[in-house]
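K.L.:
Swiss-Prot lists ASP72, GLY73 with the feature Mn(2+) 1 binding site, giving similarity to another entry as the kind of evidence. The Mn(2+) 2 binding site annotation in Swiss-Prot covers ASP72, ASP234, ASP273. For 35-282, the entry in Swiss-Prot reads domain 'PPM-type phosphatase'.
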Amino acid sequence: MAGSNILHKIKLKAGFCGSAPDMGRGKSKMWKNITHGFHCVKGKSSHPMEDYVVSEFKKLEGHELGLFAIFDGHLGHDVAKYLQTNLFDNILKEKDFWTDTENAIRNAYRSTDAVILQQSLKLGKGGSTAVTGILIDGKKLVVANVGDSRAVMSKNGVAHQLSVDHEPSKEKKEIESRGGFVSNIPGDVPRVDGQLAVARAFGDKSLKLHLSSEPDITHQTIDDHTEFILFASDGIWKVLSNQEAVDAIKSIKDPHAAAKHLIEEAISRKSKDDISCIVVKFH
């Protein structure tokens, strides 16, 4: 196999979003009705693309797992890249993954962040948001997140947010209790210590005393009313509501085409950020 073809397959599996538009699609081997696709586009900023994506199915101990994630880096891409490579592996290595999935996710988020902080000389001073989804045997979905990348489910055409936006204004008391402050400058969004626009993130060693990496976690059962789930970085959510996003893609059957269309819609609404989107279809 030619080197370029090998690289292409690696990129489709891992979901690296480079400076040019990147894309991928796939489907469950156990559940033929479940398909997934992703699309990524670099924003208007001068720095390199800082989004990394995971979108794949894998078999483990007789089960099939759908692994989906958006990692939206800031002040560099190294932390987001590290998460793409390591976070799911760390979750799946937890001894209680099958018996207490939520606890396994919390432990892995915590331990992964600890390693990132220990390796700050290598990984840099930046950080990353994360939204992760683990689909177990096509029936059970566990979503975890830190930051403002978001997961949204469409059921009977109605949008249901599965993640929590960790905004500094909402967590002001917690930030202040740790010795930090939330700036509120006219014309700007609230920021932790006047710097970061999210209250929870991986990395960010210089702010870590005032930041949390504790995820919010939700559990969902996939049923006949579940149409699709979308995971996306905040470049979507700055310009589209949850319901607008669902309405924009509900009639598009191919998940990659749906992800691409949603990003194009966000760009048409003047979104300037890096944008990554995963769509998982159940029909």
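Cβ coordinates come from backbone N, Cα and C, glycine included.
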K.L.:
Measure from the Cβ of GLY73 (Mn(2+) 1 binding site) and count the other Cβ atoms within 10 Å, all protein chains considered.
P.N.:
30
K.L.:
At a 10 A cut-off on CB-CB distances, which of the binding-site residues ASP72, ASP234, ASP273 has the highest count?
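P.N.:
By the 10 Å Cβ neighbour count, ASP72 comes out on top.
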K.L.:
Tell me, by DSSP, whether GLY73 (Mn(2+) 1 binding site) is helix, strand or coil?
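P.N.:
It is in a strand.
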K.L.:
List, in sequence order, the residues of the same chain other than ASP72, ASP234, ASP273 whose Cβ lies within 8 Å of the centroid of the Cβ atoms of the recorded Mn(2+) 2 site.
P.N.:
ASP51, THR129, ASP148, SER149, SER233, GLY235, ILE236, TRP237, LYS238, ASP274, ILE275
K.L.:
Rounded to a whole angstrom, what is the C-alpha distance between ASP234 (Mn(2+) 2 binding site) and GLY73 (Mn(2+) 1 binding site)?
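P.N.:
Between the Cα atoms of ASP234 (Mn(2+) 2 binding site) and GLY73 (Mn(2+) 1 binding site), the distance comes to 11 Å.
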K.L.:
How long is the line from the C-alpha of ASP72 (Mn(2+) 1 binding site) to the C-alpha of ASP273 (Mn(2+) 2 binding site), rounded to the nearest angstrom?
P.N.:
10
K.L.:
Could you tell me the C-alpha distance between GLY73 (Mn(2+) 1 binding site) and ASP273 (Mn(2+) 2 binding site) in angstrom, no decimals?
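P.N.:
Answer for this pair: 11 Å between alpha carbons.
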K.L.:
Averaged across the domain 'PPM-type phosphatase' (35-282), what pLDDT does the model get? Just tell me the whole number, please.
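P.N.:
On average, pLDDT over the domain 'PPM-type phosphatase' (35-282) sits at 95.
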